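Okay, so here's the structure we're looking at.
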Amino acid sequence: MQFGAVAHNIFVLEGGIAAGKTTLVQTLAERYGLTAFYEPVTENPYLARFYEDPKRWALEMQLWFFELRLETYKSAVEAAKTCKGVLLDRSVFGDYAFALNSHNDGSISDEGFKRYTERYEQGLAGLPLPAAIIYLDVQPEVCLDRILNVRKRECEAGIPLSYLQGLDAAYRVMLEMTRAWNCAVLVQPWESFGEASDIYDLMVVEQERQLQLVAV
C-alpha cells in the first residue's frame, strides 16, 4: 500500500476499550495546546445493536466506523497544516483491529471481511501516515473492570471478556501491520495509567527523530 509523506505533527492514540485514551488525549490537548479529534461514540447508530447481536450488525457497524474514522483522519490532516500538533482518540488505522476481531470470532464472514479489507486499502491509499501510533497497553481483564466499574455505560455492560481478549490479539496484528508500513509504533504500559508529560516527551523525541531523518 502506498502512503503520502509522514505527517510529523499527527499522533494517534490506540488501545482497548476503556484503556484511557480519551482522558489522555484531553489532558495532552489542554496542557500542550494540541488539537484533539475524538470519536462521537454516543451518536453511533449501531453500537447497542452490535453488542446485542454481533453477527447481524458487525460488518455494517464496522464499515460505518471506518468511514467515520476515515473522514476524521482527513480532517486531522488538514488541521495539522495550520496548528501545532494533532491528537486522535483512536483512528482509521486502528479500525482494522476491530474488523479483524469480528472476523476472527465469526461475527464478520470471510466474504464480509474481504469487502471490508478492500475498502480499508482503498480508503487509506495516498494518505499520510501519522508521526506515531501510541498504543496504551492494558490487559483485557483490566479493561473489563474499568468498563463495569468505572465507565458504567449501559451499552457496554454485556461486553464479554473474550471479546476484549480477541481485540487485544487483533491489535497486536494491526500494530505489526503498521510497523511494516514504516509507521512508528510506541507501546506504553497503561494498566496503572501514567503521566501525560511522559507521553508528550515521547512524542517530541519521535517528532525530532523523524525531522532529522528528513533533513539528512
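Keep in mind that glycine also has a Cβ here, set from the backbone N, Cα and C atoms.
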Margin query: Looking at substrate binding as recorded in TrEMBL, which candidate out of Q62, Q165 goes with E39, Y51, R90, D95, E156?
Written below: Q62
Checklist line | Among I17, A19, I147, which are binding-site residues, the residue with the most C-beta atoms within 10 angstroms of its C-beta | finding: A19
Next item on the list: Sort the binding-site residues I17, E39, Y51, D95 by C-alpha distance from D89 (active site, proton acceptor) and give me just the closest.
Entry: E39
Item checked: Site with most surrounding Cβ atoms, counting all protein chains shown within 10 Å, from the binding-site residues T23, Q62, N149 -> Q62
Item checked: Rounded inter-Cα distance in Å - A19 (ATP binding site), Y51 (substrate binding site) -> 19
Next item on the list: List nothing but the one residue from K21, R90, R151 whose Cβ has the fewest other Cβ atoms within 10 Å; the candidates are the binding-site residues.
Entry: R151
